[in-house]
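K.L.:
Please read through the structure below; I'll follow up with questions.
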Amino acid sequence: MDFFSPAKLNLFLKLHGKTSRGFHEMTTQYQVIDFGDTLCLERSNEDTLICNLPELSTPQNLVWKSLQIFRDYTQVNDPVAWRLHKRIPIGAGVGGGSSNAATALYALNEHFQTQLSNDELQELGKKIGMDVPLFFSSGSAIGVGCGEEILPYEDYNCEERYVLYFSDQGVLTKDAFSYVHPEDFSHRKDAIALYERDNDLEKSVFRFRKDLEEKKQMLKRMWSPFHAHVGMSGAGATLFVSYPREMETDPSVAKAIHTTIQDSHGLLVNSLRKQSSGWFLNSDNLFTAAR
């Protein structure tokens, strides 16, 4: 059984301080996109995991954590074989590991017909990682607390297009948060502040990744004719551009946009919404870089 394991974007991310446990409190808007990995689950005589990136075929892979949590909860202990084909870069800030973990939970529930509810899967996901519960939402959601509390967001972002810019070097989440200063916190939580679409972690990450700061400024210059938003997803290192889909209704503007994407080596993707009674399905452009 093959399952699509999609990436996500943080369209904005606001830090509000630290909790009593020392974790950073935040508000973020999540959007699942039609770019991602493929996870295959099959019955086996023993537990195995094969990945096209050998460094991820380890006991530390979150797929194994999902399997253990699923077994503890359901008492289903049959051995399984996983095959993971990665396209999402490591340390990209677009939820690759979290998506794989969530997809593994969904796949196990389908494979063994354990009939766990979506709410149950979401609660299990909270035990794995901050972003994991997102993937049991519709695909558009607001994250609060430490990002793991998911609020439905029905204003589906289908009218926006996104262009991704990956980095050859990822960013560790712990490094991004270790460079946060108190002055980085957003003290306002009203709707206007949230929709400014800033990512407060940019201030932290740019302190030790000047290359990403310079890349963002370069992208802002390239995209300025289209008044597009340029931001960073999560803890980085992925930068992204968003612009209204309606801009492409003008053929000359559409051509200019796609020329800019090609010249800047971006990847054009779309927002993705989960099937009402199933999982996320990949779209036709999954394997195709923007041209």
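Using N, Cα and C of the backbone, Cβ positions are placed for all residues, glycine too.
Predicted, not measured: the structure shown is a model, and the values here were computed from it.
Swiss-Prot lists LYS8, ASP131 with the feature active site. Look at Swiss-Prot and you will find PRO89, ILE90, GLY91, ALA92, GLY93, VAL94, GLY95, GLY96, GLY97, SER98, SER99 tagged as ATP binding site.
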K.L.:
Within 10 angstroms of the C-beta of GLY91 (ATP binding site), what count of other C-beta atoms is obtained when all protein chains are considered?
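P.N.:
Around GLY91 (ATP binding site), other Cβ atoms within 10 Å: 20.
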K.L.:
Fill in the CA-CA distance, GLY95 (ATP binding site) to LYS8 (active site), as an integer in Å.
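P.N.:
LYS8 (active site) has its Cα 6 Å from the Cα of GLY95 (ATP binding site).
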K.L.:
Could you state the CA-to-CA distance between LYS8 (active site) and ASP131 (active site) to the nearest Å?
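P.N.:
Approximately 9 Å lies between the Cα of LYS8 (active site) and that of ASP131 (active site).
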K.L.:
Which three-state DSSP class does SER99 (ATP binding site) fall into?
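P.N.:
Assignment for SER99 (ATP binding site) reads helix.
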K.L.:
What is the interatomic distance between the Cα atoms of SER99 (ATP binding site) and ASP131 (active site), given in whole Å?
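P.N.:
If we compare the Cα positions of SER99 (ATP binding site) and ASP131 (active site), the gap is 8 Å.
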K.L.:
Anything within 10 Å of ASP131 (active site)? Look among the binding-site residues PRO89, GLY91, GLY97, comparing CA atoms, and list what you find.
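P.N.:
Near ASP131 (active site) by Cα: GLY97.
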